[in-house]
Each structure stands twice: as structure tokens, then as C-alpha cells.
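Taking it in order: structure first as C-alpha cells, then the write-up.
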Amino acid sequence: MPLEESGENTPLLRGEIISDGDTDRSRWRSIRVMYFTMFLSSVGFTIVITSIWPYLKKIDESADASFLGWVVAAYSLGQMVASPFFGLWSNHRPRREPLVCSIFINVSANIYYSYVYLPPSHNQIHMLLARTFVGIGAGNVAVVRSYVAGATSLKERTSAMANMSACQALGFILGPALQAVLSFIGETGVSVDVIKLQVNMYTAPALLAACFGVINILLVILVLREHSVDDHGNRIRPINYTPEERVDVPPEVEGDIDHIAVFTSNVLFFIILFIFAVFETISTPLSMDMFAWTRKEAVLYNGIILAAIGFESILVFLVVKVVSARVGDRPLLLGGLILIFVGFFMLLPWGNQYPKIQWTDINNNTIPPIQLAPTPASNSSLEPIGCPSEQTWCLFTPVIHLAQYITSDILIGVGYPTCNVMSYTLYSKILGPKPQGVYMGWLTASGSGARTLGPVFVSHFYTILGPRWAFSAICGIVLAAIVMLSAMYKRLVAFSIRHGRIAE
């Protein structure tokens, strides 16, 4: 198919050389399917994140916050293992194959999660396995990012990546929001005896995520087509094209990839995902300890808070698309890291007020929490609330106030989405027109490794030493990321700019 110039109007910019109108419409339909796939991946993680802790306690009373860290990390561990594999697969075969396979795994794993209460023993292990398989299914994020990077020109890419991040944020919003709505089903819910399924506030979100997955499989099969363009917008043959897709093949792209910049980008992405995984994991236990919320209150209120952060993120992505065109990607990345640092600094405990303590007697039975002032009788509950006395730091660590918590949420809600979209947008530009499947697999694995280590780190650190030490350590990590970005600032440039093909 000969290359020809488009008209003035393109989906995101004007005056670029692309293929004919039908092919271009097909290209953007396929990119939108990738947006939905990213949305599904985000929903698969967040739709249960606020209810994992109370669900875990319901199926196994002996589970502690340390095991919660492993359950949350299991998703990311599965994604970390699967991402390079799916990325390699997508470099050599049509992307439909790894996408359909991964989404099917995701659907099956969410159904498995809905049944983890059923076995007579080892329920917490079943939950761990279910979340691991959900994570393996989410390994297709590498395929999604490499597809969007390869199907957009250099000028289109920041906007396309911001759109993809907005879809990810929408999943981030709808996940906790749906969990908050479904919390009204209650812990008992409805029993479907024929298939031995309990539909309640813990299982309904996972079942809904499975339904989204079925829709996604149909879209991938019926709508997705392989498309690829170079940095200037010229259509090229994808490395994994099928014979019926006849396109002109340009000369081999000359120039090497800056592997130091690639390594730096992976480290920065790891840190960005690590610190947000810490924030996601600790929100429910922290709020239950500091604000004496019940399990149901923690699920509802944190669901609302995380949904609000998601809406904030979408606004951030809209602003980022405009601002990045004026100031560039790197200044936005640096600014986002500074906001995250301030957000975690706000979470450090100050003052001389202390949280309500949840005491236990010598038989390990819970005693109602200490009340420092008279409270209405309606506040008391059979469910133990407050900061557990077995966490010794509860006795001497000042309380974190709700205003601190909300302010921190707002700051991190601006800083994280900015860093997220800028980091992998920069990464895709550094790689240039080379096949990106494997490289995106490593980037996704890097982020998944962060999501694996982050929850384990914070659950142990928080349980043993408390929020003061946990959040001080996070502030130190963010500061190290700021220093690294500043030191490598000049190397983090697009492939075509580095080789002088496009002016910066």
C-alpha cells in the first residue's frame, strides 16, 4: 500500500504522514481497545483492594497485616513474572494471542477469588493463589503499552499515553467506587446454592471484574488489528504482521538505544510504583488503627477516598497533555516526585495525641477500646476497633489526624499520576521505533516488582515499627529518586532527538 499524506485532521494532531482514512480509523479503534484493556487491568487490582483485609480476616481470623502484604503483593508478583513472557510473545506473534490468553486467566482467577471462602482450611493460601493468577492475567499491560507506543508517532505519543493513563485512572476510580457501592450488599449477601456461591460485599466485585474480562476478550477478537507507524507517522509493517497486511517496509532504523537511560527509567518507574503500592496497601489498616473505623467503614470510606483520587487523576492527565507540550516530559516528572515527597512527609505523626487502643486480655480476647472522652453508646460495637495493643508502637506513636490523611491523599493524587504517565511516555520515546514488546515487558516487570515489594515492605515495617518509621523510609526513597532524575536529566531524551533526526 503506497504511503500518502492525510488531511489536516488527525485524532491528536495535524499535518502528519499516515495511511489512508480507513486504516487510520482502524488504528485508533485498536488503540481504544488497548485503553479498555488497561482500564480492566486497573479495575482488577483496585476493585477489591479496600476489602482484601476484612475479607482475609473473615475467612481466617489468624491472618495478620504481614500476610496482607503478601496477598496484595501476590498480584504484582504474578504480573512481574508474566510481563516479559507476554512482551516476548507479542514481538513474534499477533497480539491477539497473548491478550486473549491473559484476559482468560484474569477472568478465571477472579472467579477463583470469589470461592476462596469455600475450602474447609488454608483459605488464606487460596486467596494468595487467586490474587497471583489475577496478576498473571494483568501481565498483558506490557503488550498494551508496546502496542500503543508502536501505533503512534512521536508527537501523538504523550497524548495517547495520557489517554491510556486516564483509562487506567478510570479503572482506579470505578474499582473502589464499585466496591463502596457493593459494600451495601453486606457480609452475608445472597447465596446461590446451585453453584455454592456467596454473592456478598467481598465476592461481588471480583465477579463483576470477570464480566468485564469477557467483554474485553470479545473486543480483542472482533476489533483489534495490528498497526505500526514510525516516529514521523509513516505506516510501517509491524514485526508481528500477518501476510494479508501488505505495507511498505522502510529501511532498518539505525542507531543504538541508550541502555543507561533505559535502566534509569526502569529504576524510576520501580520507585514510583513502589511508593504508591505502599500507599494503597496501608490505607485500610492505617485508617482502622488511627480513626477506629470498623471493617465496613474502612471499606466504604477508603473506597470513596480512592475514587476521589481517581477523579483527581483524570483531571491531572488532562492538564498533563497540555502542559507537557509546553514544558516537556522531564520537568513534569520531577515536579510529580516533589509532590509525592511532600504528601508522604504530611503523613508523619506529630503532636501529643494518641490513637484509641484495642486491648486484649490474658486469654487473647478483645477488650473495648479506651475512650479518652465520653462517647455515645452507638459508637461501641462488638467488632474490635482501634489500634491493637500487640502493635507496641500504638502506645507511644502520636495519632495521624484525618486532615493529615486527606491532605496527603490530595498531594499524592496529583504527584503519582503525573509521574506514572511521564515515566513510561519517556521510556517509550527513549526506545524509539525499535520493537518494544520485551522492553515494555521489563518495564512492567519493574513496576510489578515494586508492587510486590512495596506491600511486603510496608506491612512488616508498619506492623513492627509503626507509621513514623515507615513513612520516613518512603520519604528517603522518594528523595533518592529526585536525586537520580536530576543526575540523569540530560540523557532521558527521545531516540530520534538523541540521533538528531528530530529537533528537541
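Each Cβ is built from the backbone N, Cα and C atoms, and glycine gets one as well.
When the residues N364, N379 are compared with Swiss-Prot, the one annotated as N-linked glycosylation site is N364. Going by the topological domain names that Swiss-Prot assigns, W89 and D258 belong to one and the same side of the membrane. Residue counts for the topological domain 'Cytoplasmic' (88-97) under DSSP, helix first, then strand, then coil, are 7 helix, 0 strand, 3 coil. No contact links the transmembrane segment (124-144) to the transmembrane segment (303-323), because fewer than 3 Cβ pairs that are 6 or more residues apart lie under 8 A. Three or more CB pairs closer than 8 A are found between the transmembrane segment (170-190) and the transmembrane segment (33-53), so contact between the two stretches is assigned (pairs 6 or more residues apart). Secondary structure by DSSP for the topological domain 'Extracellular' (280-302): 20 helix, 0 strand, 3 coil.
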